[in-house]
Ligand code: GDP
């Protein structure tokens, strides 16, 4: 599902996240490990001001491991807690509680100092753009431990908490933030990884971005996948070579560029070119807004 973001939607989303912030101790910001910058909404820094935050680099199974490690080092240098996870298989999830406890130690120590012998569980919420894996993560952590708060008349919206062991409780509905794709490159990265629907951007433009990226960053994999003796300089020639080899043809043997674009994107998303990361920390374009 892709949400079309209009100013009204954005304001509502922001309000919903802000409301829920009052209920929790810590925020888990879910991003896509393949595009950690482009899959976050920079507004989150304004929205989440007074709660500690952990960045969860999700879908790490689909990302280039060496670059994921670079990202983890980057966050560490910036003093931001970050963990690489795979919400689908559950990899890395046990670190979440450990890191949360460290970040909230002072707060809970203060509670104990006030005489609270058994402080309550840590309360957390997940925020992120659509398709980043929020529901998958919640389901994975839940193990059916959904603690129903029940309907309370008069309460506008009863929040439900999911118990994750004894020490952590998660709001059952995540905070949804809008992707920020005013920047063309951000849009292409979101589309290439499948975070936004293919109807939003021109598919051929997205494939042009993806093929240029592969040519620059993973040339060997591109050559290997499509049996290319060399990578043509002109992008149209590259489309021709791939289309020809894969039988993406219109009548008369003309290359079908739409079909070629679709094929390339499908193969990238299906990890047929191996695991890929589309942006590195400290890249000039990454920092550009
Ligand atoms: P939400 O919109 O943020 O709630 O995203 P979903 O939880 O619906 O996930 C979007 C898609 O990403 C689904 O097809 C999930 O199966 C997939 N997904 C989520 N987490 C992971 C992960 O860690 N690894 C992989 N490979 N896929 C994931």
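Glycine residues also receive a Cβ, built from the backbone N, Cα and C atoms like all the rest.
The record from TrEMBL ties 58, 59, 60, 61, 131, 132, 133, 134, 135, 136 to GTP, and of the options 79, 115, 165, 175 it ties 175 to that site too.
A helical conformation is recorded for residue 135 (GTP binding site) in the three-state DSSP classification. Spanning the residues 58, 59, 60, 61, 131, 132, 133, 134, 135, 136, 175 that the record associates with binding GTP, the maximal Cα-Cα distance equals 24 Å. Candidate binding-site residues: 60, 135, 175. Those with a Cβ under 6 Å from ligand 1, in sequence order, are 135. Other Cβ atoms within 10 Å of the Cβ of residue 133 (GTP binding site) number 23 in total over all chains. Note: residue 60 (GTP binding site) has non-local neighbours 33, 68, 84, 85, 86, 91, 92, i.e. same-chain residues 6+ apart with C-beta under 8 A of its own C-beta.
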